[in-house]
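K.L.:
Take this structure first; my questions come after.
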């Protein structure tokens, strides 16, 4: 077929509503023209007498599918009877069962990998389940080919575990949905499209990349799409139409184009975490010092909230069974560990469970703040997952605060000659400059100092670019755009401040050095009190 795109329809669980499905397909084709293929995931057959009678009309030839239809094998014991073979076969005219697992390659070169059924939890495996051997038999021949780049389409009955990581959230909480074996399969096969069913949910995840930025060659992106059940009462989407040119027929430059909303691969972290969990399963005594002991009188109107979080007795503490990873301990006095006597507590604005916000000492502006972990972590890439999650909440809340004041938030971190993470959050008045002006100022001044400041995709996980221990400087703009520089030597410690204080941004060059901006303790207390009051409507920690 050359470079002519194939027109494909994908469908969720049919559950025996075959007439309803094909009536819908006929209507689509009447309106939009003929499609080449229909792919069905989840349970195709139903177990009711009505469903059996409906199928009989297609099996006998009294009715015919209006399009070449490929379905997965059984995903429940009740429907095994409809499949004469686990190896795949034609069940009726225009309806083909692909089988338990394998690769289907069409005349056009379109490559479809598939795994039918649910993950087996017993031996011998029931006929509607797949085993680790099935996964190995599918993956091994493909990965042994040095020219393997991925498959065009992956069809699975079950969801991959952790697919929502880094992505948009589905309509219902699917955090513990799916299985790790399918996640591992998707990570290895790198499908351009991955369809799954069984959950009765429609979810189109943001596309994710299959390479590590700045460390691996650019590869094509993957899209995961879960589809609902045919004719579901909530009218959730169960059919998905798309055009696809087989990978083997595509120009490599076109194939690896990255959409703007691409995210990190959701499965790499899952695999790493899985290994860590297995390695540390016996470590039950490591427990992070609870943040509930850190309560200061921050001059709030309601003294019982004590900065805003309820005091929790040992018996009242939620998630008491959780034992988060203990952060590294400082080797000496630390000015930023919240439990440390060195902390200037009058500067604290808000305290969460794992992070806190404090007024910057000698700030660029009166509302310049620091976002910091309560425990001793050196950089963003060192943070435990629960700390990262709360740090993101603080970033989001402070951005909303800035927007309400007619300002845009610029975040930057210098992981160089510092022992405790300080994420600088600086509000820049919108009338002063645009986001593009700020970006250009950073790029220009970096170039002047012979530093290669690189723009990286908005959803990039810094851990993949800068492993723990790597000195770096990074900026995050209000649009989500990020700039990154791997520090080599002689990095100017005030670089972030100098750029924001420059004529091109806020035009306050005299404030580029924090030591020149120090004020009395009394003035600091007044500033902190004002920021605390202004920020209060956005402080999620007050509700915890």
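Each residue, glycine too, has its Cβ placed from N, Cα and C.
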K.L.:
For the feature region 'Disordered' as recorded in Swiss-Prot, pick the matching range from 497-520, 521-544.
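P.N.:
Going through 497-520, 521-544 one by one, Swiss-Prot flags 521-544 as region 'Disordered'.
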K.L.:
As a quick check of your reading of DSSP, tell me how many residues in the compositional bias 'Basic and acidic residues' (521-535) are helical, how many are strand and how many are coil.
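P.N.:
Final tally across the stretch: 15 helix, 0 strand, 0 coil.
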K.L.:
Short question: which residues 6 or more past the ends of the compositional bias 'Basic and acidic residues' (521-535) have a Cβ under 8 Å from it?
P.N.:
298-300, 344, 346-350, 357, 359, 361, 363, 366-367, 369, 397-398, 401, 405
